Amino acid sequence: MSWSNLSVHGLEELGEPPSTLPTVGTNLTDLKLKKKKVTLRELGGCMGPIWPSYFKDCSSVIFMVDSANIAQISASCIQLLSVLSAEPLHNASVLILFNKRDMPCTMSLIEIKSLFRMDDIIASATQPITTQELSARSGQGLQEVLSWLESITVK
């Protein structure tokens with residue numbers, strides 16, 4: 001349903017969706033999942049060169065791909081392979097999120113997984129890997145991310 005159709009159905013006009021910005025730097029967020037505190041460290045893609053300095057204390061990885069930015073897909077894949085090959089992360093649980101699935105310019109999930117060669121990556125990785133579609137802006141898929149986090153923190 002488009003933004004303008006919402007007003008036709010009696011809801012307020014929402015206007016344009018808010019813009020999103022890539023993460024620059026690092027953000028820390030504490031979550032409480034099943035009475036266990038989990039700290040999420042968000043590292044922006046531009047911080048890739050220093051990511052390894054955070055791997056030692058990492059038990060899981062959520063790797064987010066901007067699936068609307070076709071020009072960055074190959075760079076994202078290279079960064080993912082670097083993360084998966086890092087010795088401290090060989091046993092980490094990995095969730096790969098294909099974000100911005102609500103955008104009209106995104107490829108299908110089959111197309112983006114094919115470009116990433118996800119089947120080959122999953123087959124050769126030492127880590128358990130889960131993939132999921134997401135729209136961080138609309139919230140689609142966020143509950144599944146929390147469920148994944150809960151499932152790995154119970155271990």
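Counting begins at 1 with the first residue displayed.
Keep in mind that glycine also has a Cβ here, set from the backbone N, Cα and C atoms.
Summarising the annotation, TrEMBL assigns Mg(2+) binding site to THR23.
Per TrEMBL, the feature GTP binding site maps to GLY45, ASN99, LYS100, ARG101, ASP102.
The number of other Cβ atoms within 10 Å of the Cβ belonging to ASN99 (GTP binding site), over all protein chains shown, comes to 21. For GLY45 (GTP binding site), the number of other Cβ atoms no farther than 10 Å from its own Cβ, over all displayed protein chains, is 16.
Residue annotation for GTP gives GLY45, ASN99, LYS100, ARG101, ASP102. The furthest Cα pair among them is separated by 21 Å.
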